[in-house]
Structures are given as structure tokens and as C-alpha cells.
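Colleague: Just dropping this structure here.
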Amino acid sequence: MSEEGEMLPISVRAAAGAPYLASLNAGQRAAVEALDGPVLVLAGAGTGKTRVLTTRLAHLLTTGKAKPWSVLAVTFTNKAAREMRERVEKLLGPGGGGLPWLGTFHSISARMLRTHAELVGLKNNFTILDTDDQVRLLKQIIDAEGVDEKRWPGRQLAGVIDGWKNRALTPEKVPKNEGFSFADGGGAKLYAIYQARLKILNACDFGDLLMHMIDIFQRYPDVLENYHKKLSHLMVDEYQDTNVAQYLWLRLLAQARKNLCVVGDDDQSIYGWRGAEVDNILRFEHDFPGAEVVRLEQNYRSTGHILAAASHLIANNRGRLGKTLFTDDDLGHRVKVRGVWDGEAEARLIADDIEGWRQSNRSYADCAVLVRAAWQMRAFEERFLMLRIPYKVIGGPRFFERAEVRDVHAYLRLIRSEDDDLAFERIVNQPKRGIGEGTVQKLHAYAGKPLVRFVTDNGPLFDQDTGEVVTEQPEPPGGATRFRTLIGAAREMVVTDDLPLKARTALRAFLADLDRWREQARTISHVELAEIVLDESGYTEMLRRDKSPQAQTRLENLKELVQSMGQYDTLEAYLEHVALVLDIENETDSENVQLSTLHAAKGLEFPLVFLPGWEEEVFPSKRSIDESGEKGLEEERRLAYVGITRARESARISFVANRQIYGRWQVVLPSRFIDELPSANVDAVSETGYGMQPPGVRDMAVEPFTSSYQSPGWRRAQERGAFQGKPPMIEGEARLVARSGGDDSSYKRGDRIFHQKFGYGRVSDVEGNKLTVQFEKAGEKRVIDSFVIPASAA
DNA sequence: CTATAATATCTCATT
DNA sequence: GATATTATAG
């Protein structure tokens, strides 16, 4: 407490009896009632963080300390924003003008930027590029700069630039040595060109939304002051995930009044790879002197064993603020740890568990399978489909990133503004109209040059091909030499004979289409416009004629797209949302098993949680450790912590002995995180009796599972060389395995055999229990004999 | 210019 | 193993 004996303002006392306060515990209540000055709420997993946040917001409004339009409340995802809005309305009832400043960093910043766009050289109808556009643009720039795109791919540059923007570094501010992290020192220059190019395109990327506002706040104090007047209180959710740019953005907005409340959990910081700085939360008290710090440590979600296991695991991390979570709940079930043979067996095991759960009258929706990386989901999807278990992928392939959806958007963007070259390029020949790469090249050439070149020392603009001076005006700082849009170039070129006749007529027809649509757009709704465009462009026709299985879903996606457009009043409003609102409205989660990555599961909870794939190199992910070493490992551990703490009643971890990585089979070791679990809270079960690995392979000091690893089954498996590729006998596979009695193969050269994956084939060589087989479809393979059966038996 | 075959690249998580 | 780009033929 900073100011001892300070009297509570009268309005606060008046609201002290508010019904919503009664149900809070002491810590939560302290956080809710600390309305003024900087506040740091350290909220462990399941301690009622969202509740505190929403109640505090409600409290701000009830006490009259703040108005609905003077509270800036920031979240990271639109889902979180929506949820907060709903819960505040539940507490206070709807109305009151809503909460205009409740949203994600990006959506709020985008809104601000629309009103001040001209200050950074943009028009207020600027386009927000997504990653795809960004990469395409960068690729062009890389090519034009004569850098080898093979060696320095656009995707990578996008990542590098993103990293700089996360740290609020403009091209000039990129440290010299870091400019070398791309294209032998060309990185910063390419970044500068990219920024200039964005300006011409009247576009910005995600990072720019924040960067431009920071720039404006710093260069135009009056604008900032205006926001200081407008916004009385600031609140931030998931503060541990903020990056440097977001931090600066917040600090600028908060510096006048210092009414900033941040809520977060350093143990759940899992977004370091996209620039999150755990330091932001670790440093808060230093940055905002006199900050009140509230710890929320009572967990209302998980049972005792689960919480203890998670706490013990996370205690292996250094550099934490440190919290001691506790629960009043029972001990409940221990965390289950199970080892199986391979990914298929794992999927089978988990699917069976889920069926069992369902049979005891619990809901599918209570179950979640949380994986480290999206590719791990496939095995489960296959199994679930086979068993008709309904499931739902959380944050699956993003709807708005699908090719067909982006194509439609490109059409709409192009109709809206002619200068959207990226959109033009995307769809000139989609569907095919005979305007190929060659023609587009010519358009680019005619439009000036495909790319921007700086004209040094503010010289005149000139045509790069002819040297012809086009304007004597000195060029604007960061300006460019581009004079025509691609459409502009096209309009001029269709009347010349620089293009083959075929391309010319096709292009002319396309331009006429665009003009017509643009004309129609003035009178009809954007939904009708989309329908007309889809129809008249031949896009739907193209998909209808496409007989591939994806075409059907694409058509359905487009239907859904047109429908969703109806929810917005104008095309502008719609496109703005498309750019920023990446999560799709979940259809009723009624009776679906939830399949999700660990990242996407943050903030969610489920009675029964499965955590498969706990193997070295998979989890902790090899890449994280390669890239960030100890820091990366700690982040992985936090991810494990997040995973376990999603569970209310039961957490079931599993690992496999063999996994297919890059399509090749590899023997893998159990995750070191398994060794770090406290044996007192864990049940190590070996259902098959095989597949468990010995403990302490890496660290002989830690052997929590000695007993189960020494099971007869395990030892037998080891002796028989199971890990060289012989599968154990598992129910369902018994038929295939049964034939392999001893070590001498019962197959001989010339035998015709059947393999479950590779099909029929003929044995061409036998070596112990390894067969060389010429498969009819799959070609020559070496397989273990127990994986095949005689063709006559198949 | 388009359609098909072959090859390369890589695969983590997101606003 | 799958997708994305590139080479080749039509």
C-alpha cells in the first residue's frame, strides 16, 4: 500500500456493498477495488483472472470513476474481448453506449490510425495486409534488389521485419549488426524499401498499426494529449504477452494519468517467439513506481494432484516472480502418464478413454486433446472420424486465410480502390482468363518498374528505363519512383499493341468487368456485389467444374463468406473486420471433443485434458531450444504448465516410443518434463506393458518412474530390441504381429506378401527379421517381417 | 498460356 | 508426407 491511511473516495464506499463484490475472495477484491494508480495483478492459472478484470471494469463504471467511453481495455484476441464485453454487460446490463475502447491492441490501434492516417502519409482507407500479401510484396522487393530469393526467402524476411516491429524498431533504428541477419547486411535496407512501398500502396501490416501510432504519439503531443483527456483508465489482459511495441504504446497512453491496471501471469508467458517480453511484467513495479501489486493464488479450477504436479513442474524455471497456488478442492485423481508404441496407438488410447468417459454419461465437450504443434492433430482426427467421435478443432485452419476467401477479398478490395496492386495481381488470372505471367510482367514494366527505388539526395523522379525526367519536384522523404498502378498501366496498354491480341482482349474484358462492378457497387449492397462478382467473374463456375474433393468445401466456404458479410453494414466495415478478426464464430460447442494446440488453449478449461506427444524434440520442441536455448526451454515448460492447468478433474499425459517425423520413423525419448513431475502426484501407467522408456536417460538423478519402467514388459521389450523397429503386441494389431515368432523370419525370397500401408509386394531379400520387398505401388522398401502377412492371408 | 510432372522445402505456435 | 514452386510438354 502506497499511501497509508488514505480515505476511500465516497463513491467507492457507496459501491462497497455492490452485490458483485460479495462473491470475491480477499485478493480478488483488493484487485477490483484498486481503481487508481498503477496496479499489477499477478493471477495464477485458474485464480479467476477474467472475473477480476470484468468485475473491476464494472466497478469502475458503477463508482462513477470512469465512463464507458473513457476506459481503454485491451486484450490479445478478439475472443477475449468479446467475452469481457459480455461479462461486463451481464454484471451491469447492456446499454450505456457500450465500451468503445474495449478490443485487441490491433483493432484499437487500427481505429486510432484511421483518424490520424495522414500524419504518417497514409489515406484513412488504408488496407491492412495479412501475412500472405506481406510475403508476396517482400518477394518482389527482394527480386528487384537483386538479392537471391532462393537463399533469402520472403517468408524469412517477413519474420525478421516482424521481429523488428515487435521491438518498435524503424528501419533507421535497426542495430547495425542485426541488419546482417538477412541478405548479408541488406536486411535493414530491404525493410526501408518495404516501408516506402507500403506507403505507396496505402497499406500497412499488423506491426505498423502499433508502430504508426507510437510514431504519431511521439511526434504529435497534441494528439496524445487528446487521448490522455479522453481515456481515464487503462486495463490490460495477459500482460505477460505484451511485446516492446505494445509496451511503448501503453506507456505513452498511460503516462499522464497512470491509471493502468495490468493482469497477467509470468508463468503463462508462451509467446516469446512473437516478441512477447516477460520482462514487461517482471519490470512493471520498476516502470510504474508505487504500483500496487496483488497476487491471486487461490485456484478454483483444478484438483489438488493436478495443481501440485503443475506447480512442481514450473518450479524448475528460474526468473519467476513466484507464486504459490493452492486449492481447497480435493486431491482428486493423480496425473496419469502413459507410454505407448507409436502415434497411432496413442490416438487409439485417447479415443478409447474418451469413449469410456462418454459411456459414464459425461459429455464429449468435457474432453480436450491439447497438442504442441498442429501437425499432431491429424492422428487424432483420423481416429475420431473412424470412431465417429464428434470433434472440433480450436483455431484450426483460419477461415479468412483460405485461398478462395482471400480471392474474393481481393476482388472486393480492387473494386473499392484501383490502387490495390496486390489484389490486382492476385486475381487478374483467377479464374484463368488468359492473362498469364508474361502479361503481368509487361504491366509491371509499363507501370514504371516493379519496385520502388530511392532517388538519392532528393533528386527528381525519373523513368528508370529511359532516364526521362518525370517531375522536377524533389521527392518526398522515403518517396518512390512509381507512377502508375497496375490497373492504370493496363488501361493504357490495352489500346497499344504491346500485348498479344489474346491477352489484350482478355485484359480489356477484365477491366470492363471491374468498371461495371464498381459502378454497381454504388447502388447495391456489398453482399449482392459479392454474389455478382462471384458469378460474373466465373469464379463459382471454375470451382463447380473442378472435380477435386476440395472444390466442394471451397464453394461452401464462399457461401458462408457471403453470409457472414451480411452482418456488417458496409464493405469497409466488413473488410476491416476481416483483416483483424481472425477467429471464426464457433458453432455451438455442444457435443464436441476439443482438439487444440496448447497455445490456443490458454484461458480455457476442461474437466478431462489429454496431453499427448510429450517426447523430446517434440515437446520441448527442438526448434525452440535450437533458437532460444535455455530461454526457449523455459518457455516450453511454461507451455507444459499451461497444458496441465487446463484440467479440472483429470490430466492424462502420454508419450510414444516411435514417431514419424518428416515422414521418417524415428525412435524418440520421453520428454524431460515427465521426469520433472513429482512422483507423489503422478500415476505412471503402462497399459500395453511396452513402449515405456527407462528413466534418467539424460539425468540419472531423477527417477520418479523407476518401478513402472522396470516392469517385465518393458524389460522384455528392451531385450528383444523393440526399439529397433519391432512393434509390441497390441490389441488390434495382434493379427499382424502374431506371425513373427522368433528372430528367424518365416519369409523367404519370392514370397508374395501384404503390408497394411504399402500394399502387395514380393520379397527380394531376407536378412534376419528384415525383409527387402518390391512393393507393387510403393517400390522397394525394407520392412520388419512382423509388419507383413502372406498375401494369401490378406 | 495452361496443364501436368517433378522437385524442393519444410513445417511451432499469431495479431 | 504434403504443399509450393519450377520444369517440361502440349
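Think of each number as a place in line: the chain as shown, counted from 1.
Cβ coordinates are placed from backbone N, Cα and C, and glycine is handled just like the others.
Here's the feature list from TrEMBL:
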- A:22-303: domain 'UvrD-like helicase ATP-binding' (DOMAIN)
- A:ALA43, A:GLY44, A:ALA45, A:GLY46, A:THR47, A:GLY48, A:LYS49, A:THR50: ATP binding site (BINDING)
- A:304-603: domain 'UvrD-like helicase C-terminal' (DOMAIN)
Colleague: Within 10 Å of the Cβ of A:THR47 (ATP binding site), how many other Cβ atoms can be counted across all chains shown?
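Modeller: Result for A:THR47 (ATP binding site): 25 other Cβ atoms within 10 Å.
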Colleague: Show which residues of the chain containing A:GLY48 (ATP binding site), separated from it by at least 6 in sequence, have their CB under 8 Å from its CB.
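Modeller: When sequence neighbours closer than 6 are ignored, A:GLY48 (ATP binding site) has A:LEU24, A:ASN25, A:GLN28, A:LEU296, A:TYR300 within Cβ distance under 8 Å.
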Colleague: Taking the Cβ of each of the binding-site residues and counting other Cβ atoms inside 10 Å, which one has the highest number: A:GLY44, A:GLY46?
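Modeller: Top count of Cβ atoms within 10 Å goes to A:GLY44.
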Colleague: Near the ATP site, what residues other than A:ALA43, A:GLY44, A:ALA45, A:GLY46, A:THR47, A:GLY48, A:LYS49, A:THR50 in the same chain have a C-beta no further than 8 Å from the centroid of the listed C-beta atoms?
Modeller: A:VAL52, A:ASP265, A:LEU296, A:ASN299, A:TYR300, A:ARG301
Colleague: I'd like the number of other C-beta atoms within 10 A of the C-beta of A:THR50 (ATP binding site), please.
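Modeller: Neighbour count, Cβ to Cβ under the 10 Å cut-off: 16.
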Colleague: Where's the emptiest Cβ shell within 10 Å among the binding-site residues A:ALA43, A:ALA45, A:LYS49?
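Modeller: Sparsest of the binding-site residues A:ALA43, A:ALA45, A:LYS49 by Cβ contacts within 10 Å: A:LYS49.
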